[in-house]
Amino acid sequence: VFVGKIPRDLYEDELVPLFEKAGPIWDLRLMMDPLSGQNRGYAFITFCSKDAAQEAVKLCDNYEIRPGKHLGVCISVANNRLFVGSIPKNKTKENILEEFGKVTEGLVDVILYHQPDDKKKNRGFCFLEYEDHKSAAQARRRLMSGKVKVWGNVVTVEWADPVEEPDPEVMAKVKVLFVRNLATTVTEEILEKSFSEFGKLERVKKLKDYAFVHFEDRGAAVKAMNEMNGKEIEGEEIEIVLAKPPDKKRKERQAARQASRSTAYEDYYYYPPPRMPPPIRG
């Protein structure tokens, strides 16, 4: 987990007893300023289990560690994904995988989005997924050096916003489906007709080439997802997942990541320069 808003004169002897209440700690790294001898206001704690990390967020986020001083705690994730811009719009996923595979190591997948009105063209950017953070970091340094050109051009490269796992308890209550890769001819009426077969709908909202389908019953939503995922609507194969609920603390976590800019803990990435974050149900 990432721990922010730490008073500068606070040290491990106060943090460890507090966070051990959530479960056994594997590692705690309090970032220090070598000049002042004080901490930099944030730390990274690795627990022995994912459940303990989630419990730490529940117990310690907004915890008043000193009078008037509240900690900010959120789940941190290792980032294996890069955002790459300046991609020729006529390139396919296979083209990109082959080309970047020539100049970087450990590339395992390419996430590419097509233009809503022309499925033969991409949107000019993609996400490169690597086998681990080390491979992604090496690829980023190589591509940002300016010495490597892809299709004769220097591409724009940055870390992608890491994918955070939502709280399982929250996701277990979700009754909304996120449906993407919709053809331009697909209307809300067409979606209502397709999904109402599985249960009563509250509403359907289409935005560009994706939509949110709200069910009254979770069981109906899950059944629709399982049966409709991969099916074709208006000639396009759709993709369906449970929608992530609105995250009230999203901005707070982004601010926490922004405060954690540091090369001292390279295995993790906390500050987001997202060009296209995953859609969140609004």
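Any Cβ shown, glycine's included, is placed from N, Cα and C.
The feature compositional bias 'Pro residues' is assigned by TrEMBL to 271-282.
The domain 'RRM' feature in TrEMBL is assigned to 1-78 (among others).
Secondary structure of the domain 'RRM' (80-162), assigned with DSSP and counted as helix (H, G, I), strand (E, B) and coil, comes to 23 helix, 33 strand, 27 coil. According to TrEMBL, the domain 'RRM' annotation covers 80-162 (among others).
Here TrEMBL flags 175-245 (among others) as domain 'RRM'.
The region 'Disordered' annotation in TrEMBL covers 245-282.
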*Which residue counts does DSSP yield for the domain 'RRM' (175-245) in the helix, strand and coil classes, in that order?*
22 helix, 26 strand, 23 coil
